[in-house]
Amino acid sequence: MKKMQKVLLSFFVLVTLLAGCASNTDNEKETAKKESDEVVIYLTRHGKTMLNTIDRSQGWIDAPLTPAGVEVAEFLGKGLKEEGIEFDEVHSSDSGRAIETAEVILKNNGQEDLISSLSKHQGLREYNFGTFEGMMNEEMQSELAKAIGQTPEEWMAKMQELGWYEGIKMFADNISKVDKERVEEGVNWPAEDYQTIADRSVGSIKEIAENAQKNGSKNVLVVSHGMTITTIVAELDNGKEADIPFGGPKNASIQKITYKDGKYTVETVNDLTLIEKGQAAK
């Protein structure tokens, strides 16, 4: 009898161990399933704002979207819906104009339920212009030119010669240098140099992509800003920034970026196709 009990006990222990192994295998398979093979980021610029309209510099300071700014975001949302593109995640800079744009897109894409899970990132903010924030753009360019011993015409000619991406790199490094002599410590945030901006913005995009892959997300919406988007495109896939027009990507245009096997590929730049589809759908 005792021998039979031992046999039965051994049998139950074996069954339990096998069940545990099977459970672990299932869990491992489930975990593996959760990870995405490829993450597609739809990186877009916010809609036009009141400060854009009156041609004032707008980096870290903020302004609401104009009616036209809201409309172009609506068109993008409708275009996404027409194409059947749905998002698993949504991210934006923590600036109000980017948040507002993301919300308008989701409302018109039929994914209003995602608004509550919108993730906001300081790293996706526009370039910081320091004490030049809110200044008329022409005045800011003149002040910068004067500070480095150039006329406004010479400064703008150099920007045009360099092209949009190299031009904003020069702009960022110069405004950072000049602002050090203007900014009062503890009163304002000083203007950033290019490398500081590149580190924070690209770091944010990479964090979003890598976490999305781990979470099993495939399509991700990200709303940021013109100069910052240019920087992200250039840093992730060198050479693709050449397709961005002078002045930056258009409001609500799409920069499609894929992340697969640890590599980032910029598929499209300044793509207005979805806006046009949304406009036609209205």
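Including glycine, each Cβ sits where the backbone N, Cα and C put it.
Where the annotation comes from TrEMBL, it is an automatic prediction and has not been curated.
Record features, source TrEMBL:
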- His46: active site, tele-phosphohistidine intermediate (ACT_SITE)
- Glu126: active site, proton donor/acceptor (ACT_SITE)
- Arg45, His46, Gly47, Lys48, Thr49, Met50, Leu51, Asn52, Arg97: substrate binding site (BINDING)
- His225: site 'Transition state stabilizer' (SITE)
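Positions of TrEMBL features highlighted on the structure.
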residue: Arg45; record: substrate binding site; Cβ contacts under 8 Å, 6 or more apart: Val223, Ser224, His225, Gly226, Ile229, Gly248, Pro249, Lys250, Asn251, Ala252, Ser253
residue: His46; record: active site, tele-phosphohistidine intermediate; Cβ contacts under 8 Å, 6 or more apart: Leu65, Gly69, Ala73, Ser95, Arg97, Ala98, Glu100, Thr101, Val223, Ser224, His225, Asn251, Ala252
residue: Gly47; record: substrate binding site; Cβ contacts under 8 Å, 6 or more apart: Leu65, Thr66, Ala68, Gly69, Val70, Glu71, Val72, Ala73, Arg97, Glu100, Thr101, Val104, Asn251, Ala252
residue: Thr49; record: substrate binding site; Cβ contacts under 8 Å, 6 or more apart: Gln58, Asp62, Ala63, Pro64, Leu65, Thr66, Gly69, Arg97
residue: Leu51; record: substrate binding site; Cβ contacts under 8 Å, 6 or more apart: Ser57, Gln58, Ile61, Ala63, Gly134
residue: Glu126; record: active site, proton donor/acceptor; Cβ contacts under 8 Å, 6 or more apart: Gln58, Gly59, Trp60, Ser93, Ser95, Ser224, His225, Gly226, Met227, Thr228
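DSSP gives Leu51 (substrate binding site) a helix state. DSSP gives Arg45 (substrate binding site) a strand state. Sequence-ordered, the extra residues of this chain that approach the substrate site, with Cβ no more than 8 Å from the Cβ center of Arg45, His46, Gly47, Lys48, Thr49, Met50, Leu51, Asn52, Arg97, are Gln58, Ala63, Leu65, Thr66, Gly69, Asn251.
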